[in-house]
């Protein structure tokens, strides 16, 4: 009976490979966009449409994927999504027109979104209380590794003829390996309990579905029944604060900050991608080691507090030494806008290098995503079309150098804080707090708000900078993180060391805003009983 002993590494491989596929597919466009622009003559709007098509496909999957996960099962949903990803990769690799590229990106976005939801749920249900945190957090580590892998392959294939076809095609490799691992895993907790496969993970606590358990409709997510409304508030709050703290947009300025401390050109891009990627990997590994010891709640509170301090520090530093940047034609939203490729201008794909003064309308001039109707006349200052370099009258004094390094430290702390808190823990908590009968639909519902907020933050970023400036934008993100800190303290329970059945029972019977003055116990938070009507 060697099979049960292999269950833990199989679950780990499914989680890691799923995250690797997700991260690779998100970030690969950063290297493929420039050769695609040259091969297809893409305009700015076409490039933005190509990048955004992945997010639109992911949003669609979050709207319908929950029903697929609950109806056909987690394992079948992952296998099906990998087949869909294979079709999308084939469409991208063989694309001969923009329409096929858009179709392939949308299909790939649908596949990785569906797979991400099903994978986190499936692993959390197979794992026991002592391993659940680290196995689900491993998915986040896989995302970061996937991003770094995409940069490495983009760099290796940058000079190859039609190299972008290979960039897109390689996304299917980890998906195929994940499918192979899934074939040796049980389809769910019922079949696993019958074959005793869960004993190494659950410690004899395999969750069996009781035929007499209540059934849930989608509208129950908004009702008082079994405190489902409160669970929905917790889930939505986590995904919205994860996005509204501006983590992806702050990362768009990573290369600018690296340049400000003296790393110019291609070295700035290498450090911004590989350096920050390494920091994210290290912080995620730290979170994996702490999530089942310190607990979910402690990591969320710590990460959110550090995010508030560090992004506010960036805002204050940029008041003294402006970290200017002008949006460019190659605008890559959010997760794909992390960093530029080695060998290019050294800027993130969403940023443009400063151009020499010119009197003509050069096609290489940076183009804003906002309307050109508000463009000032020549010679007038445009608050949104900013230069990367500090103003000429600011000489590089030691004080400015210190501030630049302070900005770099704040950026590193911000990236680490997100990777310790919101990054891995949000999806872990979402996979724990809902009843098994509606877990897929509830997870997908919250995930749809995550993708919608992702799009909103991307589209509003430039307008926000134009309205209040970069410094105040960072400070606004810091204020949002402070509100997120209060939300986590008041509403998010501690679930470490508890089985999914125990967590469900606590939510069914009790309400959990922490009373001020009560200390968090190692077993969970302080609860006070409320009356919940049995009927909706």
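Yeah, the Cβs are placed from backbone N, Cα and C, and that goes for glycine too.
TrEMBL lists 358-371 with the feature compositional bias 'Polar residues'.
The feature domain 'Major facilitator superfamily (MFS) profile' is assigned by TrEMBL to 11-496. Residues belonging to the domain 'Major facilitator superfamily (MFS) profile' (11-496) score a mean pLDDT of 78 in the model.
Per TrEMBL, region 'Disordered' is recorded for 349-390.
Outside the transmembrane segment (49-69), and at least 6 residues removed from its termini, the chain residues within Cβ reach (under 8 Å) are 25-26, 29, 33, 36, 42, 77, 80, 98, 101-102, 105-114, 117-118, 121, 331-334, 336, 439-445, 447-448, 450-452, 454-455, 458. Annotation comment: TrEMBL describes 49-69 (among others) as transmembrane segment.
Residues or ranges marked as transmembrane segment in TrEMBL: 81-101 (among others).
TrEMBL lists 107-127 (among others) with the feature transmembrane segment. Beyond the transmembrane segment (107-127), the same-chain residues lying 6 or more positions past its ends with a Cβ under 8 Å from any Cβ of the stretch are 7, 11, 14-15, 18-19, 21-22, 25-26, 53-62, 65-66, 68-69, 74-75, 77-78, 80-82, 84-85, 87-89, 91-92, 135-136, 139, 171, 175, 185-186, 188-189, 192, 198, 201-202, 207, 427-428, 430-432, 436, 439-440, 443-444, 447, 451, 500.
TrEMBL lists 134-153 (among others) with the feature transmembrane segment.
According to TrEMBL, the feature transmembrane segment maps to 173-194 (among others).
Look at TrEMBL and you will find 233-258 (among others) tagged as transmembrane segment.
Residues annotated as transmembrane segment in TrEMBL: 270-291 (among others).
Annotation comment: TrEMBL describes 298-321 (among others) as transmembrane segment. Nonlocal intrachain contacts for the transmembrane segment (298-321), taken as residues 6+ away from its ends with a CB within less than 8 angstroms of a stretch CB, comprise 238, 241, 245-247, 250, 253, 260, 287, 290-291, 390, 394, 400, 403-404, 406-407, 410-411, 413-414, 416-425, 470-475, 477-479, 481-482, 484-485, 488-489, 492, 494, 520.
The transmembrane segment annotation in TrEMBL covers 402-430 (among others).
Annotated transmembrane segment per TrEMBL: 442-462 (among others), in sequence order.
Feature annotation from TrEMBL assigns transmembrane segment to 474-492 (among others).
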Exercise for review: Could you check if the transmembrane segment (270-291) is in contact with the transmembrane segment (474-492), meaning 3+ Cβ pairs under 8 Å among residue pairs at least 6 apart in sequence?
Suggested key: no
Check your understanding: Going through 134-153, 233-258, 402-430 one by one, which has the most CB pairs that fall under 8 Å from the transmembrane segment (442-462)?
Key -> 233-258
Exercise for review: Count the CB pairs under 8 A between the transmembrane segment (474-492) and each of 81-101, 134-153, 233-258, 402-430, then give me the winner.
Suggested key: 233-258
